[in-house]
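Enquirer: The following block contains the structure, expressed as structure tokens.
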Amino acid sequence: MRRWPVLAFVAWAALLFWAALGLFARGFLLTRLELPQRSACRPGPPPWPGPGPAPPPAAASAPGGCWLPRRFARAVLVLIDALRFDFARWEPEAAAAAGPGPGRPFANRLPTLRRLLAARPRQARLYRFRADPPTTTLQRLKGLATGSLPTFVDAGSNFASHAVREDNLLRQLADNGKRVVFMGDDTWDGLFPEAFSQSYFFPSFNVKDLHTVDEGILQHLYPTVDGGEWELLIAHFLGVDHCGHKHGPDHPEMAKKLSQMDAMLRSLVDHLANDTLLLVAGDHGMTSTGDHGGESEDEVNAALFVYSKAPLFQDLPPQEPETVPQVNLVPTLALLLGVPIPYSNIGEVMADLFAVEGDAASSVLAQLAAYSVNAWQVNRFLHSYSLAAQDLSEEKLLRLQDQFSAIMEEYKQFLAQAGPPALPELQRLRSRFSRYLREARAVCAESWARFHPACMVAGCALLASSCLLCWVASQVASAWGFSYRHLLLYPLLWGVAGAALLGLAHLWGWAGVDFILLASWAAAASQCGFFWHCWARRSWRPRSTGPRSSSGAAGLRQRLWARAGPALPLSLLCVRCGAMLSDSFVMAEAQVVAFLLVSLVLLLVLRLHWEGRLEDSPFSWQLLGLLGGILACVRLSGLFRQCREETPHCRSSPVLAPLSSLQDPQTKNFYYMLCLAVLVGLAWGVRCWLRHYGNLNSPSPPVLFVRWGFPLLAICIGGYWAITSGAEEALVQAHPWVQLALVAFPQSVFVLVIAGLLLVLWDPVTVFVKDSREAAATGGPILLPSSQEELQQVIPQLYRRMQESLKSRLGETKAGSRATVAAYGLGSVYSAALLIPLALLGFLFMVLHTERLSLAFLLLFLEAFAWLWVHSWAGALASQADPFTVPWEALIGWALAAAQFFYATGHQPVFPAIHWNAAFVGFQQGHGANLIPALLVGANTFASHILFAAGCPLLLLWPFVCEMAGCQSRTPKSETDDGEEQLMEMRLREAPDKFSLALLQLGLKYLSVLGVQMLACVLAAMILRRHLMVWKVFAPKFVFETLGFVVSSIFLLLGIGLVMRVDCAVSLWFKQVILAQPR
């Protein structure tokens, strides 16, 4: 059996898809160009040369500041993560009801803000602080520091932050001698290294920890404020955000956390000096489930509270709070503190904060001075960016430039007038400044969503050709004379040559090259080599060993279904692909995939009925029973789905919540016992299967691990669930041994799973051979093979000898004689070696999910095994000509089931639906690096992809496992009644070349099914890139589909590699048996 060429071919095909996806992502998920320029106090802006950027009318430096006189000596920015606007707004209805309203524990929990707003209306103001999506913490912090807009691709690095290279407010403060003190979320340390004169960082990634960061800040906040050795103090509290992730906003813990924040603010106000500005802000909001990352109203509407002990506002606050974009905070705070506005800022100053005492005209003139500086800075940035990136609309830039020139000219005329200008004219000019800044921001936001069509089209073409290559190669693999040299080695050499040519062009300066472009070029060249050699060797034809002719109505029906059979499952696959072009279908994909899977199963059974295969068949009722089982699993899996934020009428399943959220002890105990039954059922089911096929008798380490390790895994997971299902307050105040158990139980599960997987890799042969003192009574001695080819011929003879000896043993046992040879588990040795790792992964995924989602994993295993039996019996009833070929409907159903249970395990292809809690299972104190949490969260998110991809070889192996008495027979009964037992999986070893080609064909077919779905997703993202829901629906869908494809292809390779490892171990085992036989 050729092992390494098969793995190399499948790996090469997967790399082709990866290169195509990388090329498309390069054109679709663009990052904004970051300019290296910085604003500076001195030297001042140059004289206005004409068409270029104009200097502000204000001097290059001003008393107490750079571009304008500073208004405050110090500022305190209290950033309460996820402070939604309605958390800060006073609700009169709840106050009239003498407390928070029913179901709204967060209402009116910040009375200090309300007291200051009522008592000092000209010194305090509440704003609706609107965030730009994506509403992840990293992107919001970048926007709050630079005054610019984040891009979508930055969302993927939310927990792997990189230093901000753009000009930002913290850098301007440091460059101008201002001291910045920070305390709180350690994300700032990665974004702004060495930007703080003093800092107190606390770990932020553990969303289950509500108190560590907040209590650490409170220890240092008041002494630092009283010390006065700072100009800007930033305190980033995380308790409210973590409480939302852990409990949601409608939970008593949220009321406690907001009350703690109110007490902090009440004390902080007493410590402020008269020349200090207080800003209390939220970086984003949260959904009704406590998540964020999208662009729903609850996520983008944060709160901003501004307060000063000195008079700050000229007018009284409006009835409805004003909405302020978050980027507006950067230019406002920069000018108030007397430092230059960061170079890349596109925000607009908050004019209310620049009003001065006196008449209205004086206040408007002060506001116009701030607006003029702001407009000049934005115009300078647009000019520089258009020269560097050239992706801004030239027409819109010209219109903005004309608008800016006209506004500045009018402003100069006002300043040159002898008398004071009229107030209405000043207000009109102020409106024109504001309109210019908002239009400039809109132009940037639109332009930074521009794509690279060439990369996108090339990526789609490469992806489509990869799908075609997998299909062609799978057809070639079913023919005789498959040449790895011509269809793998030579194309790889073509790819290396293509990459070398592009590399030389880059060295000679003819073309700019990066890694993605180089990989895509090599992939395209290798594909050209494959298709060229495939065309040159077009002598292959798929073998056809079935009947060539039939007569009568039955023959006509068979011919019709032979042609239309593969078209029906492929048409269902096309329906799913076409549905990706609709945002409504993408949002309802959980129901769509379940419907398509049920339709596929029904079509399979109806086809057998149409062909007359179910008539007088002993397996018809069993097949219908399995059909009912699959339908029941699909229906029950709908109880575990999470709703998207775009479907407000939908309610997420309460089963997704942890057991700790249940208040009724009886209900909690009932679900806990049910979850324990799932653990016991999984361990017991694997043992029963191994016992049924004889593998449990083996003394091999994997079998011993199944006997003793599986119960230990169930005990550890059950113990962990018993602790986590307790009351949250009880856990906080628990004894040290309870906290130790929270770490020890899941880490023990991790160690046991890893140990079990290593044991399977070390000794995967789960076969038990029992010999007596006498030699076998049937047949002569088997000669010792001298080569691998002779060994492949000897193995089936030896297996038949064992079967004959076993039959002799059974016959002699009835007469009281003793047996000579007994072999157990050899006919299912491949499947057993796959089932044990799949069960281990199932235990791992259960501990990474909430307790009741273990029921969803039970449905996953039941549906997968039912589908395997349906696939096996359907193939037997249809008299499939080639048992080494897995039909398309089996692979399509397998892929649909993987997608179905992605949703049935509480996931959605959106960032707020990611189960971040999985990163802290077994790591209550957090992580020192990002690798382990990324692996844990990835395993939680793509659990179904991993299980179905790793178990894909079972589609090839299971029909052979079913070749035993009482299950099915691929040969006429007359042939099996004369004494020969079914070989089961040893039939695969009778033709090792066919076995290797069957594995190759299986892997390529599954990759092509996944690749076609990926191609549809890519086409939808490209075609609908200007759609209103592109960043809300199609872009996240593309990201999740891409990651799912990468994970699936990796574990498909691991599954095929494990089968080949078993094959290698079986060959060695047979050699040992041959050497041990008597001569």
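Note: Cβ is positioned from N, Cα and C throughout, glycine not excepted.
So TrEMBL lists these for the protein:
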- 43-58: compositional bias 'Pro residues' (COMPBIAS)
- 41-60: region 'Disordered' (REGION)
- 456-480: transmembrane segment (TRANSMEM)
- 487-509: transmembrane segment (TRANSMEM)
- 515-535: transmembrane segment (TRANSMEM)
- 587-606: transmembrane segment (TRANSMEM)
- 670-690: transmembrane segment (TRANSMEM)
- 702-723: transmembrane segment (TRANSMEM)
- 743-762: transmembrane segment (TRANSMEM)
- 821-847: transmembrane segment (TRANSMEM)
- 853-874: transmembrane segment (TRANSMEM)
- 886-903: transmembrane segment (TRANSMEM)
- 942-961: transmembrane segment (TRANSMEM)
- 1044-1070: transmembrane segment (TRANSMEM)
Enquirer: Report, as numbers and ranges, which residues of the same chain sit near the transmembrane segment (456-480): CB under 8 Å and 6 or more residues beyond its ends.
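Expert: Long-range Cβ neighbours of the transmembrane segment (456-480): 9, 13, 16-17, 19-28, 487, 520, 523-524, 527, 530-531, 534, 540-543, 882, 885, 997-998, 1000-1001, 1004-1005, 1007-1008, 1011-1012, 1014-1015, 1018-1019, 1022, 1025.
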Enquirer: The transmembrane segment (853-874) vs the transmembrane segment (702-723): three or more C-beta pairs under 8 Å (separation of 6 or more)?
Expert: no
Enquirer: Hey, would you say the transmembrane segment (821-847) packs against the transmembrane segment (515-535), going by three or more CB pairs under 8 A that are 6+ residues apart?
Expert: no
Enquirer: Which sequence positions outside the transmembrane segment (743-762), separated from its termini by at least 6 residues, show Cβ-Cβ distances below 8 Å to it?
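Expert: Contacts of the transmembrane segment (743-762) (Cβ under 8 Å, skipping residues fewer than 6 from its ends): 701-702, 705, 709, 712-713, 716-717, 719-720, 723, 833, 836-837, 840-841, 843-844, 847, 921-924, 1058, 1061.
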Enquirer: Is the count of Cβ pairs under 8 Å between the transmembrane segment (670-690) and the transmembrane segment (702-723), pairs 6 or more apart in sequence, 3 or more?
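Expert: These two stretches do touch.
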Enquirer: Do any residues, 6 or more residues outside the transmembrane segment (587-606), come within under 8 Å Cβ-to-Cβ of it, and if so which ones?
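Expert: Distant Cβ neighbours of the transmembrane segment (587-606) are 568-569, 572, 575-576, 579, 614, 623-624, 627, 630-631, 634, 637-638, 641, 644, 646-647, 867, 870, 874, 889, 892-893, 896-897, 899-900, 903-904, 909, 1033.
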